[in-house]
Amino acid sequence: MLGKALAIFVFLMLNVLVAILLERKILGWMQLRPGPNRVGPWGVLQSLADGIKLALKETITPGGVDKFVYFAAPVISTIPAFTAFAFIPFGPVVSVFGHRTPLQLTDLPVAVLFILGLSAIGVYGIVLGGWASGSTYPLLGGVRSTAQVISYEVAMGLSFAAVFLYAGSMSTSQIVAAQDRVWFVFLLLPSFVIYLISMVGETNRAPFDLPEAEGELVAGFHTEYSSLKFAMFMLAEYVNMMTVSSLATALFFGGWHAPWPLNMWAGANTGWWPVLWFTAKMWTFLFIYFWLRASLPRLRYDQFMGLGWKLLIPASLVWVLIAAVIRTLQNQGYAHWTPILVISSIVFAAALVLSLRKPFTTPHIRALRRQLRRKAKQLPTAPDSTPVFPTPPLPAKALAAASKEKARG
């Protein structure tokens, strides 16, 4: 047990170092710049150098802070992030020094709900850190983070309900075992879309990084933190990203099962190969995080709340109802439940994706667009020889005309 815990800790720390480096490299590539390239060959040691730099920095404690809560907040954020990984299955039963053991630290009948609860506990560190800093900007960042977790934790939990219905269990290992033939992403596509959006909001990442919006809150909840305390907040953020990515892999992408066509090989799901498939799937979701950060602007607070409460939560409730009805047909022996579920899943997911545009346009802007279209239709058509919009004179011509008028006067 202790060896597994140590292996998970080392796995997470190494992946955090690689994730920070790759994020900066990928952002540089997408923004047409080289990215970090100074420390080590091609900049591969940049993350390690940054970690050492943060460890050696001076610890500055602002005056007037609640010191106990101020120092405890990073720890409260970090511990649940690491603990949640104890319930993630990396692979099947393997032989380690002659001892047969599953590649999972532990499991529970309600493991997914336990992970959901741990992810919610992590927000306490953010809220307490913002409150204990004794500053306005961190406090606002903490309050935003609380509202964000409350809004998107509901949608995320509802996206799990359909998975529980078809897996027949809340255990992560049992859910992975239920996907040995068909991954749930093909049967429950709307649940995956809702979870994908919710996991980005849950981890406070772009375009949902409102608790640490630089243009509004300086650095958000960790404005007053430095040195190792800031590093712990950063570590918790990246470990949480890996936790929700691993959970998406376990719930929707077959966990450690090999993807097609590799699953045609007889030994693809035996030995240590499943660890490779699991890690590759997890890194696919991490790449989506980096891609979203490079592509999308930050949402306004009202847009973000509207997306969660007006779209994701109602859509989750409707989809759970549809999935439950189809599951009832399956239990009653209806033979064609699979094509009905797949077609319903595709249609509902397409409607959900098309509906994502509505929360990002406010009602008065939509009304203004309709009004402008009506007025444009009422305008008389101009002849082809005359431009619709008059071309203003160049600055040089305007100055010359003004000087002539002055000379005449």
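Cβ coordinates come from backbone N, Cα and C, glycine included.
The transmembrane segment annotation in Swiss-Prot covers 2-22 (among others).
Sequence annotations record features per position, and here Swiss-Prot assigns transmembrane segment to 68-88 (among others) based on sequence analysis. Sequence-distant neighbours of the transmembrane segment (68-88) (same chain, 6+ residues past either end, Cβ-Cβ under 8 Å): 5, 8-9, 12, 61, 104-108, 111-112, 114-115, 118-119, 121-122, 124-126, 128-129, 131-133, 172, 225, 229-230, 232-233, 235-236, 239-240, 242-243, 246-247, 250.
Among the features that Swiss-Prot reports, transmembrane segment is placed at 108-128 (among others).
Marked as transmembrane segment by Swiss-Prot: 149-169 (among others).
According to Swiss-Prot, the feature transmembrane segment maps to 182-202 (among others), an assignment based on sequence analysis.
Same-chain residues lying 6+ beyond the ends of the transmembrane segment (247-267) with a Cβ under 8 Å from its Cβ atoms: 88-92, 103, 112, 115, 160, 163, 172, 175-176, 179-180, 183-185, 188, 191-192, 195-196, 199, 273-275, 277-278, 281-282, 285. The transmembrane segment annotation in Swiss-Prot covers 247-267 (among others), and the record cites sequence analysis as its basis.
Under the heading transmembrane segment, Swiss-Prot lists 272-292 (among others), citing sequence analysis as support.
For 306-326 (among others), the entry in Swiss-Prot reads transmembrane segment, with the evidence type sequence analysis.
Annotated transmembrane segment per Swiss-Prot: 334-354 (among others), in sequence order, evidence recorded as sequence analysis.
Between the transmembrane segment (334-354) and the transmembrane segment (182-202), three or more CB pairs separated by 6 or more residues in sequence fall under 8 Å, so the two stretches touch. The recorded stretches the transmembrane segment (149-169) and the transmembrane segment (306-326) share 3+ CB pairs below 8 A when only pairs 6 or more apart in sequence are counted, and are therefore in contact. Count of Cβ pairs under 8 Å against the transmembrane segment (272-292): among 108-128, 182-202, 306-326, the largest is for 182-202. If one looks beyond the transmembrane segment (108-128) by at least 6 residues along the same chain, the residues whose Cβ comes under 8 Å of a Cβ in the stretch are 69, 72-78, 80-81, 83-84, 87, 141-143, 145-146, 149, 153, 156-157, 160, 163-164, 169-173, 175, 202, 204, 211, 221, 233, 236, 240, 243-244, 247, 251.
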